[in-house]
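Comments concern the structure below.
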């Protein structure tokens, strides 16, 4: 009977044990593997029965934003990652690498408006966790001195400054910056001896606004604090311990780091237990057993176990890791799995072109006959070199042809003559820049259509940006007259000498293209015509003072061209579309495509008639003799445009008043100046100034050139008008001197007949006029011929 009872008890005990083991396996399999996307490997776990001991318990909480966040319960810190020891981390068997990354508050000073100062202390006493040596002390802010506490005998400290030279102090009981510290006594050292100023950049943390110091020594630190010393320097300062120091630099903002509030700290961990039954249940070798078996075995390369454990009974902790050739979780029975080294991962192969055979915890390579492969590779490589050589030869020949073509164009376009001219003018004028075609192609995106500012009958203007950041206008002609290249080069040299704030500057040219290309400074605010007639920006032209200033700027520029430049220059196409407005709405005279230079002993040029209807001097139209007074007449028309806001040619006016000059002269003669003043300025202008300006315009529009004032006189008179003066009666604005009107009647009739036949632009006798309507609305980028017409 007793034997029967004993047998029954034994069966009952066996069934109970099986039930317990089955329940344990089932519980582990039902454990939640992650929290908020962060994997939770054993011995850590969430829920009862899912973690080894209370130290490794993870709670999965819900944040205010609704996301799941894991916390390490024993220290109540948010977890951002848990790692297990792996062979690939380069760890030694007696010190396997395993860590927990947590969020830890940072220390700050003078970063909040209420003056609150925050400290940072991490206390891990009594837990199986310690502060990893992979962490660094980081201090950010000007003249910020930070240090770690509770790390004796070491002194870990650094100082950041905002001077031009770094002063980073890292004190350690080992060796930092050639310093040695033994038992608290510090030797003299040169702090700069190990500094490399070449690494002082914005991507490193080397003492300029940011410094760092490494934790050193082999002792396990479980209480670490961060303090910031008091300094006289004001401003936000932060300091913290982190394993992510590589993401900080001298440009790091302490205020942003303070607002973030935390840093990532790496903690090392081990199995905290005095009962080693768990370690033994894993079936792992101890380090001593592993070394003895491995180095006494005849097959030393083959691992005899998948995991090893460092079981230190004296310190009451143990750490395990998978051996070489295995990977996985060493804290689970059979958790270390064989690595298939023969499987290509990330492009890495162990045997190269040979056959790879996977073994348990190892692999071997079966070598092949490489001769056929070598022959094939040699043939392929030779063919590749041949093809590449042919391609490079083709590219070289193509480049040489292009270079020779550029040289040919440069010589044909007068490049040698330009070089001689530049040599002869050294020290006298600013050197003209000769741009390469490659520079201009890059500046205009290979003359992209998206860069076009405007097009005309003779060429196109592109907007470009040079390598130095300057914005320029690149003028590319469509045609070239090789007979006039010498004259063109002379014009380029002379125009490049012009240095006046109210004249668009010619920056240089390019002669390596089929036709020469001119480069001008870029004027951003369009031309005067757009602002006066197209309501481009009505507010700018709504005041008389702006218009008077523009008139004075134009007069000063033309006066400079006629009398102040090294050789007098006649513009020959003064009109509102050729008056540019810069960013301050100051006038700049542009488009010298038809300009002519004259010697000081000549008073006029005899040329083929060229100009724009409505602005052209009637006397020049009949005689083909262009003088400085011809520019005066054209300026007079622009002056009337500023006063009246009317276009130089308008089909909305009567036949006899179709040209603005005739319309204005008749209004002055009938004493109706007030009626033709632009309505936008009529109420707010000084009538005395408008009247005086109208008198100047009337003088400029005299049909006889000898009775017109010079541009210098016009400029001086407009300057005097701008001076404060009393109001004048409107009737005084009408000039009583109409001398020569009857004698010039025949001239006026000829002009009127020419206008009835014309369409826009005169480049030949009157029978070749083009469209007038197009002339009255053309933009500033209307391109005139790059090469001046032949003088006679």
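Every residue gets a Cβ built from N, Cα and C, even glycine.
Model, not experiment: these values are computed from the prediction.
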Region 'Atypical EGF-like' according to Swiss-Prot, located in which of 248-306, 307-365, 366-424, 425-483: 307-365
Candidate set 61, 657, annotation N-linked glycosylation site, source Swiss-Prot, matching residue: 61
Listed recorded positions (123, 143, 612), ranked by Cβ neighbours within 10 Å, top entry: 612
Per-state residue totals over the region 'Atypical EGF-like' (307-365) - DSSP helix, strand, coil: 0 helix, 29 strand, 30 coil
Chain residues in Cβ proximity to the transmembrane segment (373-393) (below 8 Å; excluding those fewer than six residues from its ends, i.e. six or more beyond): 353
Which same-chain residues, if any, lie at least 6 apart from residue 309 (disulfide bond) yet have Cβ under 8 Å of it: 279, 282, 284, 285, 286, 287, 318, 319, 320, 330
Assigned conformation of residue 143 (N-linked glycosylation site) - DSSP reduced to three states: coil
Least buried by Cβ count (within 10 Å) of the modified residues 520, 620: 520
Fewest other C-beta atoms within 10 angstroms, as judged across 320, 365, which are the disulfide-bonded residues: 365
Candidate nearest residue 356 (disulfide bond) in space, where candidates are the glycosylation sites 61, 123, 143 and distance is Cα-Cα: 61
